[in-house]
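> As listed in Swiss-Prot for this protein:
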- 113-134: compositional bias 'Basic and acidic residues' (COMPBIAS)
- 364-392: motif 'Q motif' (MOTIF)
- Ala408, Val409, Thr410, Gly411, Ser412, Gly413, Lys414, Thr415: ATP binding site (BINDING)
- 523-526: motif 'DEAD box' (MOTIF)
- 606-769: domain 'Helicase C-terminal' (DOMAIN)
- 761-771: compositional bias 'Basic and acidic residues' (COMPBIAS)
Amino acid sequence: MDGIISNGSPGAPVTQPPPEPLERPPTPPPPPPEDSAAPPPPPDTSVPPPPPEDAPPAPPPEKKKKVGWGAKRPAATPLSVEELVRKKREADAAAAKPKFLSKAERERIALEKRAKEVEAGRRLKLDPFTDGTDRSGTQSPSVYPETPNGDERSIPTGPRAMRNSEVPTGPAAMRNKTYDMSPPPPPKAMSFSLTDGKGDSKRQAEEDEAAAQAALIKQKYMGTEKTSSFSAKKKRKRTTDRKFNFEWNAEEDTSGDYNPLYQQRHEANFYGRGRLAGFGDDVADTLAQKYARALEDRDREAGSIRAREILEMERRRREESTRNQLDKHWSEKKLEHMRERDWRIFKEDFNISTKGGSVPNPMRSWEESGLPKRLLELVDQVGYKEPTPIQRAAIPIALQSRDLIGVAVTGSGKTASFLLPLLVYISELPRIDEFEWRKNDGPYAIVLAPTRELAQQIEIEARKFTQPLGFNVVSIVGGHSFEEQAYSLRNGAEIIIATPGRLVDCIERRLLVLSQCCYVIMDEADRMIDLGFEEPVNKILDALPVTNEKPDTEEAENSAAMRSHRYRQTMMYTATMPSAVERIARKYLRRPAIVTIGSAGEAVDTVEQRVEMIAGEDKRKKRLADILSSGEFRPPIIVFVNIKRNCDAIAREIKQMGFSSVTLHGSKTQEQREAALASVRNGSTDVLVATDLAGRGIDVPDVSLVVNFNMANSIESYTHRIGRTGRAGKSGVAITFLGNEDADVMYDLKQMLMKSPISRVPEELRKHEAAQSKPNRGLAKKSDDSSGFGTKSGWQ
């Protein structure tokens with residue numbers, strides 16, 4: 001500064017002498033060589049040769065530029081705006097252009113990047129002083145006490161170049177503050193692939209998704225882990241933090257002791273029959289009685305009469321109230337109080353199902369049937385206490401002049417269900433014996449039955465009602481001469497009961513005409529078709545007059561329209577509905593109502609079915625002897641066989657056991673058949689041995705046991721066989737001997753036993769191979785029946 005002032009020109013540079021060189025410490029001597037090392041060569045003391053003369057002269061030494069704060073700097077000129085914009089555009093254009101990198105360059109960049117990451121990770125791993133201590137083992141300066149002015153002073157640790165390559169974390173004055181930044185997180189491990197980190201994360205996500213799917217598939221097929229302690233059924237303990245526990249009881253409430261509103265209830269007194277809403281019938285009865293007493297006290301004569309009327313009105317109101325009617329059973333209600341729900345329950349109780357237009361409701365009792373009083377008296381005299389399900393449903397429909405198809409199990413009272421409407425129909429017609437020409441025009445009604453025995457049985461049942469009413473009933477069956485039957489028809493007959501074959505013979509011989517027939521009943525229609533009577537049935541129905549045939553329109557479902565004109569009425573009863581029966585029904589019936597009791601083809605629920613696997617005639621005879629001698633079953637008993645030549649043999653065996661027996665098959669004459677049935681019905685014979693001839697329609701009262709010595713060829717025949725017992729609501733037992741030759745019906749038999757609530761399927765039948773699936777060839781006949789004595793021919 002003194003030199004600058006003395007020269008008088010403070011801006012001129014002043015040349016100062018160079019500073020004296022600092023004395024460096026002497027270099028330590030080199031370490032002594034090892035013994036095994038070779039000695040160094042001696043120093044070269046020779047003088048170097050002079051430079052050659054032809055060498056060019058050395059350039060003059062370049063003048064050393066002054067470096068430092070005193071050096072002259074060029075004047076900085078500011079950049080113009082145009083220059084800045086141009087540079088910016090050039091930089092953007094260069095950045096927008098794709099930069100090509102060769103494979104070697106990409107590998108080099110990746111290796112350098114990987115090397116830096118490895119080096120950073122190694123430094124972070126080898127640095128043990130991240131908890132506040134420096135590398136020399138001393139405590140970090142950040143833990144020293146603060147200075148009085150609030151700053152933390154750090155002790156210098158040497159030049160920056162000698163601080164073990166520490167990364168600066170900010171200005172030196174703020175480097176040891178408490179709000180210093182935390183060290184950066186360690187970098188993620190990367191593979192030596194040439195792809196970027198996005199590919200690795202995508203691959204990792206795909207692997208995680210695949211692992212999750214594999215876990216779900218394993219859980220689906222292997223189930224949940226058994227070590228899991230979770231249980232859906234385990235009761236969870238509820239928290240009690242929201243449950244308020246009262247510290248007093250309801251008995252401690254003293255508000256009712258001193259408040260008169262709680263001590264006595266206010267009663268609103270109404271003079272009249274009015275009352276407050278919301279009270280039960282007991283309160284209404286009390287108010288009505290109170291009002292009646294008030295009327296009696298006011299006026300002894302007129303008031304007492306009025307009081308009785310009010311009490312009677314209240315009683316009727318209580319009985320007819322909706323709430324009371326809903327609580328009552330249908331048997332306790334009046335007919336006008338029956339609702340749709342009650343009728344539905346009623347049909348379910350009796351297993352009744354109806355379809356076919358507007359079908360009337362069933363009748364609950366004989367009094368509600370709509371029959372004339374004279375017929376109701378006859379019903380009571382005959383002994384019909386309660387109507388059967390088919391009678392409950394069929395009689396109201398038939399009384400409306402509707403065509404009817406009744407599908408019901410055997411022994412369900414079908415005879416009375418069509419006889420009673422028939423008698424009502426013909427009772428409104430003129431008497432047939434009034435004029436001679438009316439006798440010759442034929443009957444008013446015909447009843448077709450498949451067998452002679454069934455026809456005669458229907459005749460016996462019909463005479464119980466026709467004789468008191470003055471109607472004539474004639475049966476036309478085989479086994480009797482035409483002259484005898486013609487003599488029976490000399491005075492005419494309102495009702496003719498016949499088999500199809502004999503009735504066709506009478507029509508062809510001109511013994512009978514159907515000019516005024518207006519009521520047709522086909523009983524056991526499926527059995528008639530099964531016996532080959534389809535063609536005779538068609539001939540009979542085609543011989544009927546067409547003048548009174550119903551129209552095949554919706555008017556056939558209108559009961560009022562049918563009653564206004566005397567149309568022909570057709571009824572068909574069957575236990576099953578094969579295709580041939582359906583074909584006849586579609587051809588000759590007009591918009592029929594269909595009534596089904598139970599299910600078509602089912603056995604009666606009152607019959608207990610037992611099946612025993614017994615092979616061989618001798619074993620079966622021995623088992624039959626044990627059953628008859630057990631005393632469990634009282635006569636009469638029916639034993640069914642498949643072929644007629646076995647009937648006499650089984651009957652002889654039964655007689656040797658000490659029981660009386662008769663036979664019934666196709667080789668018997670009509671007189672022999674009638675005598676056999678009469679002996680069984682009057683109790684003079686214990687056992688009836690028969691073929692399928694007696695399987696349908698034969699009503700022997702109080703049959704306690706049916707034995708199928710040979711299993712029937714079809715499940716339908718089996719159903720009608722066992723239907724000979726358990727009739728009219730009574731219970732019965734059916735025992736069947738089964739063998740391997742009955743494989744065709746084992747499956748259907750097992751299904752029928754499973755549907756029966758009181759029957760059991762034996763293990764031999766349940767596990768039999770033929771009972772596992774339905775045979776493909778259908779209901780084929782067995783080879784035993786192909787010897788000329790067929791079960792469905794006239795040779796039974």
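Using the three backbone atoms N, Cα and C, a Cβ is placed for every residue, glycine included.
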> What does the DSSP secondary structure composition of the motif 'Q motif' (364-392) look like, as residue counts for helix, strand and coil?
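Per DSSP, the residues of the motif 'Q motif' (364-392) fall into 17 helix, 0 strand, 12 coil.
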> Please list, for the motif 'DEAD box' (523-526), how many residues fall into helix, strand and coil according to DSSP.
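Split into helix, strand and coil, the motif 'DEAD box' (523-526) gives 2 helix, 0 strand, 2 coil.
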> So how many of the residues in the compositional bias 'Basic and acidic residues' (761-771) end up helix, strand or coil by DSSP?
7 helix, 0 strand, 4 coil
> Do any residues, 6 or more residues outside the motif 'Q motif' (364-392), come within under 8 Å Cβ-to-Cβ of it, and if so which ones?
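That would be 330-331, 335, 346, 350-352, 399, 406, 408, 412-414, 416-417, 420, 423-424, 427, 464-465, 468-469, 595, 597, 728-729.
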> Could you tell me which of these binding-site residues, Val409, Gly413, Thr415, has the fewest other Cβ atoms within 10 Å of its Cβ?
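If we count Cβ atoms within 10 Å for the binding-site residues Val409, Gly413, Thr415, the smallest count is at Gly413.
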> State the three-class DSSP label for Val409 (ATP binding site), counting H, G and I as helix, E and B as strand, and everything else as coil.
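The residue in question, Val409 (ATP binding site), is coil (DSSP, three-state).
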> What count of other C-beta atoms do you get within 10 angstroms of the C-beta of Lys414 (ATP binding site), across all chains shown?
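Total other Cβ atoms inside 10 Å, all chains included: 26.
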> Helix, strand or coil by DSSP: which one applies to Thr415 (ATP binding site)?
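Assignment for Thr415 (ATP binding site) reads helix.
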> Drop a 10 Å sphere on every Cβ of the binding-site residues Ala408, Ser412 and tell me which sphere holds the fewest other Cβ atoms.
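Per-residue Cβ counts within 10 Å for the binding-site residues Ala408, Ser412 bottom out at Ser412.
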